[in-house]
Amino acid sequence: MSNGDMFQNNHDEIDFEFLGNIRGKDWRIQTNVYGNGSTSIGREERYGLWFDPAEDFHQYSILWTDSKIIFYVDDVPIREVKRTESMGGDFPSKPMTLYATIWDASDWATNGGKYRVNYKYAPYVAEFSDLVLHGCAVDPIEHVAKCDSALGSEEVPSGVTQVQITKMRNFRLRHMTYSYCYDTVRYKVPPPECVISHQEAERLRKFDPITFGNGRRHRGKRHHHSSRGSQEEITASSF
């Protein structure tokens, strides 16, 4: 999700990115959040998937409210980003559009650029099914919001339940391989919203840190990399 076409100098972004895989290894996905053009502070997290997303459809969801962002895979919450005062304008707060694209991120996506896209396997195909979108549609010219009344507010989750919190903790313990909060190459001091766990830091230390070119990730027009056989559900609330 992005609004770079409307706010070129201070765009917001919420990303699900498929980073592909190395033969015999888990497929990897990445989540990321930008707000108000804060592209110099990437908030990436990476995870190994417990399935092959190219073999069948799965559900990938985003819940976006004015206080939190929650990412889900097959209804399991994998990450919660809470809006904090310290984040300031870095929390996405402007109307966004949904995009799905395939793009070449060979410079950083696979072990810091160690493995590059092999174009002998082209063309690359992304397939989507059962897209669901709930929230407030915003007129791109007048910026007037028209909210979806077809779905009762009680049917849209406002957060994670205690059972989901347990599932999210288990997922992150088993599958998370990278968090920007522990990348000391990019950030000598962790961004202010980070809550540091020394146990988590030690667990992630065994994975190769990905530093995106010493912390700089150059962005032009937004592109998102998705995989074949993916099902997208976006649940969004705008402000």
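Just so it is clear, glycine is given a Cβ too, placed from its N, Cα and C backbone atoms.
Positions annotated as active site, nucleophile by TrEMBL: E13.
Per TrEMBL, active site, proton donor is recorded for E17.
If you look up TrEMBL, you'll see 215-227 marked as compositional bias 'Basic residues'.
Per TrEMBL, domain 'GH16' is recorded for 1-128. As a summary of secondary structure, the domain 'GH16' (1-128) carries 12 helix, 39 strand, 77 coil according to DSSP.
Here TrEMBL flags 208-239 as region 'Disordered'.
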TODO: Tally every other Cβ atom lying within 10 Å of the Cβ atom of E13 (active site, nucleophile).
DONE: 22
